[in-house]
Amino acid sequence: MRTNADRPQPMIASWDVPASGPIAERLLPVSNSEEGIDNHGSVLQLVALADLKYRVALDEKVHRSSWQQTTLVVTAEVMGAGVLALPYAFSKLGWLLGVLSCTLFAATAIYAGVLLARVRNFMYPAAVSYADLAMQIVGPRFSAFTKACCLSTWGLLLPYYLITANNALAGALGPALHICGWQRALLVVALLTVPLQMRDLHLISYAATLSTLSTFAVVGTASIALVIQAKGKPTIYSTPLLPDQSMTFLDLYGQFARIIFAYQGQSIFCEIMREMRDSRDFPRAVLIGNTLMMGVYLVFVVICNATDGTRVAPFIPDSLDGITKVAVNAFIVYITTVAYVITGQPLHRAIHKALSPSTVDARGVAAALPWLAITTSTLLLAYLVANAVPFFSDFQGLLGALTGAPIVFGWPAFFFLRACKLKRVVVPAVDRIVCYIFLLLFLPVFTLFGCVNALMDIANDWASNGPPFSC
């Protein structure tokens, strides 16, 4: 029997670095060539993926999270307002494609997390972000491009949260407030201004935990309410087994994009791994977290479609009645407010660091004033975008295609294949095939067709509802 001692051990190459010290000191240059020559001129041996050694040194001050805690963090980061558009997407896809796509994209999200864990834990343990991995694996230009894409993703999420909060505020207030949508959005802006001045995420950690519980409360309450409302209603609006014949090829990809968005979150997985006591357990956390999300999504969409069928609204709270509608919308206002603050934090910090690096970590008025100016500016920009495209489901479809597909299907697969080539790691045939499917099929198809469909939906809704900022 072959023992671990008998296995060929990988050579200690350029990824064998300590996990202490500033990131700037820990990031190492890429190998001199793609032919297996390290920075000392030595030829690197081929290494089996299973033989790679875990290179992350334990730092008690940084590595504090258990895999159970990480599972909750992953779930909290990924599952949120995206669930609100899933019942509508499901009703358009039909039972068969709806269940298959919800399951398939959960599996792809899990696999993307596994790929990132392999690259970060066993090849580039110093990396704590997509940009760090891009620097190590390709170089500074690709790192700058990757960082810009991540910042743009966070920036596009801000108007999405404003749209969601604005719709929820309309549902919570009902006929009590007769004002235009763009005027109501100003109330959301005012609501966000003060919380945005919290510069330390630790200060809103309790609010974030409550926000996660509120998401489960929204799903549970809406599900129960729809079951009660369905009693005595006709069943002529039942969701079909297959997509309706009126659905076009592009319509299908638009609904797929909405589901992809509900599993998007891989761009912060390196940061999450950095805080784990043993990041080798990250795949377990991703598996359990995404399986939990998939279960919640499936139960929710099945209940919504079994009760309301094709009548289900693009923004699910609009399918509710009475006090339940008010309560669910009030929860959503809170959830999206917290999500806006958390998502905006790294974006605002990056802008602050670029404009005033000397005050980015300072305290007092000298740091508070630039932060106020930055958060206010981005909030007003998000307000303009949210009112230019005030359509919740359409905007989610655009985000799923434009940002979700590259984050789930693009970067993880590319990082893994490129890192294995540089480190002379043998890629198993199954992994190679799946990565090529991600890069050559899923990435271009879901990005292109999803974006085209979302833009067409936005144009149609402009034609039906009037130009931006109209009542």
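Placed from the backbone N, Cα and C atoms, the Cβ positions cover glycine too.
Quantities reported herein were computed from a predicted structural model and do not represent experimental measurements.
Among the features that TrEMBL reports, domain 'Amino acid transporter transmembrane' is placed at 63-442.
Sequence annotations record features per position, and here TrEMBL assigns transmembrane segment to 71-90 (among others). Through the fold, the transmembrane segment (71-90) approaches residues 65, 98, 102, 109, 113, 160-161, 164, 208-209, 211-212, 215, 218-219, 239, 255-256, 258-259, 261-265, 268-269, 272, 284-286, 288-290, 292-293, 296-297, 300-301, 304-305, 308, 312-317, 319, 332, 335-336, 339, 392-393, 396-397 of its own chain, all at least 6 residues removed from its boundaries and within a Cβ separation under 8 Å.
Residues annotated as transmembrane segment in TrEMBL: 96-117 (among others).
According to TrEMBL, the feature transmembrane segment maps to 144-163 (among others). Counting residues 6+ beyond its ends, the transmembrane segment (144-163) has Cβ neighbours under 8 Å at 81, 129-131, 133-134, 185, 188-189, 267, 336-337, 339-340, 343-344, 346-347, 350, 378-379, 382-383, 385-386, 389-392, 395-396, 399, 402-403, 406-407, 411 in the same chain.
What TrEMBL lists as transmembrane segment is 206-232 (among others).
For 285-303 (among others), the entry in TrEMBL reads transmembrane segment.
A Cβ distance under 8 Å defines the sequence-distant neighbours of the transmembrane segment (323-343), meaning residues of its chain 6+ beyond its ends; these are 80-81, 84, 154, 157-158, 161-162, 164-165, 168-172, 174, 188, 191-192, 195-196, 198, 201, 204, 207-208, 210-211, 214-215, 217-218, 221-222, 225, 317. The feature transmembrane segment is assigned by TrEMBL to 323-343 (among others).
Residues 155-156, 158-163, 166, 185-186, 189, 192-193, 196-197, 199, 344, 347-348, 351-352, 355-356 of the same chain lie 6+ residues outside the transmembrane segment (364-386) yet bring a C-beta within less than 8 angstroms of a C-beta in it. Feature annotation from TrEMBL assigns transmembrane segment to 364-386 (among others).
Feature annotation from TrEMBL assigns transmembrane segment to 398-417 (among others). Cβ atoms under 8 Å from those of the transmembrane segment (398-417) belong to residues 105, 108-109, 111-113, 115-116, 118-119, 130, 133-134, 137, 146, 149, 152-153, 156-157, 160, 253-254, 256-267, 389, 427, 431-432, 434-436, 438-439, 442-443, 446-451, 453-455, 458 of the same chain, restricted to positions at least 6 beyond its ends.
According to TrEMBL, the transmembrane segment annotation covers 433-456 (among others). Sequence-remote contacts of a segment are chain residues at least 6 beyond its ends whose Cβ falls under 8 Å from one of its Cβ atoms, and for the transmembrane segment (433-456) they are 108, 111-112, 115, 249-251, 253-254, 256-257, 260, 394-395, 397-398, 400-402, 405-406, 409-410, 412-414, 416-417, 427.
Long-range contacts of the transmembrane segment (285-303) within its own chain (CB-CB distance under 8 A, at least 6 residues past either end) are made by residues 67-68, 70-72, 74-75, 78-79, 83, 86-87, 90, 98-99, 102-103, 106, 109-110, 113-114, 117, 216, 219, 222-223, 226-227, 262-263, 269, 276.
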